[in-house]
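One structure below.
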Amino acid sequence: MSSSPDIAGILDNTKELDRLRKEQEEVLVEINKMHKKLQATPEIVEKPGDISLSKLKNLYIQAKELSESEVTVSNILLTQLDSLLPSGPTGQQRRKLEGNEQKRKRMKVDTDVTRVSPSMRNQIEAYASLKGEQVAARVTAEDAEKDEWFVVKVIHFDRETKEVEVLDEEPGDDEEGGGQRTYKLSMSCILPFPKRNDPSSTQEFIPGKHVLAVYPGTTALYKATVISTPRKRKSDEYLLEFDDDEEDGALPQRTVPFHKVVALPEGHRQ
């Protein structure tokens, strides 16, 4: 009879877990709606009084808080369940557990993926699909004075650690050894390029927008300002002005293919 309160507590927490997950789903639906709206009409954020970005930020904060609450309640449930289970498995249970050890190891990654939110699962699948593709990667440390971004090739994505292993196929002359170099980076250090063969589905950056783009003739990306868009130019290239690219007292305008231009990361240091 003494376990009844524990059972009641477990049931209460499972209900709370269901509620949190339903709320997360609702918030993620709203986030996806905002993403589609901004992709379809990116110029809306330039209008005075528009609060789209502020609303999106608040939705992300709400999603983060719900996710953290889900983790907290899940941990409480684990503790409650542990207190009701026998202190150790029987001999038969132990043999079964040991026999399943390898199976558990194989299933661990898939289990971890099912614990994360739907949006994170989608993000993980998206990054896993990048193997063999070129992406933009920040290879400098978080506390570095300047951010350095290069074109690299994805060679592996670890679903468990959420790390992306990339290959710098054309390191600069000042790199030690001068050969190809690999990096293991977090997902936040990777920016996928637009699909070269599908320009119609690519977000177009409006004139005046700051972007990160591959400097012509190099594999390095730098901050630039959009002067003209591919649609306006009736081509597959942006016309850009790169920061710190001054020649004869003026910034030259350079063309860059749309599939080598990405959104400027927040807090970019150059």
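Cβ from N, Cα, C; glycine included.
Swiss-Prot lists 95-113 with the feature compositional bias 'Basic and acidic residues'.
Per Swiss-Prot, domain 'SGF29 C-terminal' is recorded for 125-270, and the stated evidence type is sequence analysis.
Sequence annotations record features per position, and here Swiss-Prot assigns N-acetylserine to S2 based on a large-scale study or a structure entry.
The region 'Disordered' annotation in Swiss-Prot covers 85-113.
If you look up Swiss-Prot, you'll see 217-220 marked as region 'Histone H3K4me3 N-terminus binding'. Residues 148-151, 168-170 of the same chain sit 6 or more residues outside the region 'Histone H3K4me3 N-terminus binding' (217-220) yet have a Cβ under 8 Å from a Cβ within it.
Outside the region 'Histone H3K4me3 binding' (242-245), and at least 6 residues removed from its termini, the chain residues within Cβ reach (under 8 Å) are 213, 215, 222-225, 251-252, 254, 270. Residues or ranges marked as region 'Histone H3K4me3 binding' in Swiss-Prot: 242-245.
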Structural state census, the domain 'SGF29 C-terminal' (125-270) (DSSP three-state): 17 helix, 60 strand, 69 coil
Segment confidence, the region 'Histone H3K4me3 N-terminus binding' (217-220), expressed as mean pLDDT: 95
